[in-house]
Amino acid sequence: MKKASSQPRAIYYVVALQIWEYFSFYGMRALLILYLTNQLKYDDTHAYALFSAYCSLVYVTPILGGYLADKVLGNRMAVMLGAFLMAVGHLVLGASEIAPTFLYLSLAIIVCGYGLFKSNISCLLGELYQTEDPRRDGGFSLLYAAGNVGSIVAPIACGYVQEEYSWAMGFALAAIGMVAGLIIFLCGNRHFTHTKGVNKAALCARSFILPNWGWLLVLLTIAPLAIAVLFWQEWAVYALIVATAIGLAVLGKIYRQAENQKQRKELGLIVTLTFFSMLFWAFAQQGGSSISLYIDRFVNRHIFGYSVPTAMFQSVNAFAVMLCGVVLAWLIKESIGGNRSVRIWGKFALGLGLMSAGFSILTLSARWSAAYGHSSMPLMIAGLAVMGFAELFIDPVAMSQITRIEIPGVTGVLTGIYMLLSGAIANYLAGVIADRTSQSAFDASGAINYSINAYIDVFSEITWGALACVGLVLLIWLYQSLKFRNRPLAVGS
């Protein structure tokens, strides 16, 4: 007999697709900066610019992807189409080793696929439950854990295949993973018949000279080409400026629509959290760019005669997030009493403090490299693990606060704005920071020498920058704590 508490059968197909999507996305991401510098011979400045532009735009396109799913495609079709585009993009990226002109187009296709997939996979999962279904939270926890499994395995597998075979095979493995996830998902198609499908009436309705399905085909053709031009001409920053201006305008409109002081205070708290989260992720996203190149150039990666591929180090962060997340969920229970705002700022201070500690370890590693030529692998792993642990005190806290806001009908919009600023803008800032490590010179034989001092300076500055953020957050925390403590006295007087 089937237990009432068991999850719906369809969730396991969604989870399988999520695992393979994370495998595909993070497997490619672990290779990208190394591919640009080591294979295509981009200088660091050019590589950082393209890498940060790519990582920024993947947080912008989900806004359009969510709109298309709501109006025309439905979540299930949007997810399948997004998975297909990402698989195609990874295959084209592998071909760019032979024809570098495919590079910008492949990244653009992946960005479009990610936009259709990322904004709708969670919505599809939500469709599997009734509003008050007690299994809902467990389903989303399972989806989150599944993603971490994919992001742990991907850099190891893709890094190994790239090292042993070729760059094209590394990217092809990422594509194969996405195709495998899509096939598994399609095998469970019968379990999704109750979910929202394609809106055929909207798809066939005529707008101007074409039916909407015609406009959809035009969009799916033009969007990758337009994004490829943004990458090619390094115009992605202008797209970010436009998106940010729109996001801030919407935020201002929400603030004006707030009905009372409590709602405005809640919105102010979310804005402040978003600002500190943006800085946090500008520091944390060094992991895929400057830190990755530092490991490749200055860390002794040999163990028992085997050279550990640089891409594999990307798994450390994801493993730390998963392991520490399980431990925290077991050890920590949210207190019912006390001031929630005080607890929020305490967690943010801890997260930023751990980020500072992680970069202080990386600074020590870089100084070791300057003194002895190479740093040790355990020291590098320790720094990355601490940085991964720090993530648990930032995004979950901010997202929880957004879902609690009492202004009706704005949770989804605020989530999109949060992802725009803490994702897209933070990745752009991360590229600006990473570019400061791109100091190099040529020796007498014509070989390029990279400056370890540049890494020391940047890692040290991030350490102190994160620590300064901790100081600001602690001031806010202290103010909120004293304000809450004195409240009964004010009432009693």
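From the backbone N, Cα and C atoms, a Cβ is placed for every residue, glycine too.
The feature transmembrane segment is assigned by Swiss-Prot to 14-34, 49-69, 91-111, 138-158, 167-187, 212-232, 235-255, 267-287, 312-332, 379-399, 413-433, 458-478 (among others).
Pairs of Cβ atoms less than 8 Å apart link the transmembrane segment (235-255) most often to 267-287, out of 14-34, 138-158, 267-287, 379-399. With a cut-off of 8 Å between Cβ atoms, the residues of this chain six or more beyond the transmembrane segment (458-478) that come close are 272, 276, 279-280, 283, 286, 290, 342, 345-346, 348-349, 352-353, 355-356, 359-360, 362-363, 366, 433-434, 436-437. Fewer than three CB pairs closer than 8 A are found between the transmembrane segment (91-111) and the transmembrane segment (379-399), and contact between the two stretches is not assigned (pairs 6 or more residues apart).
Between the transmembrane segment (14-34) and the stretches 49-69, 138-158, 167-187, Cβ pairs under 8 Å are most numerous for 138-158. By number of Cβ pairs under 8 Å, the transmembrane segment (267-287) is matched best by 413-433 from the list 49-69, 212-232, 413-433.
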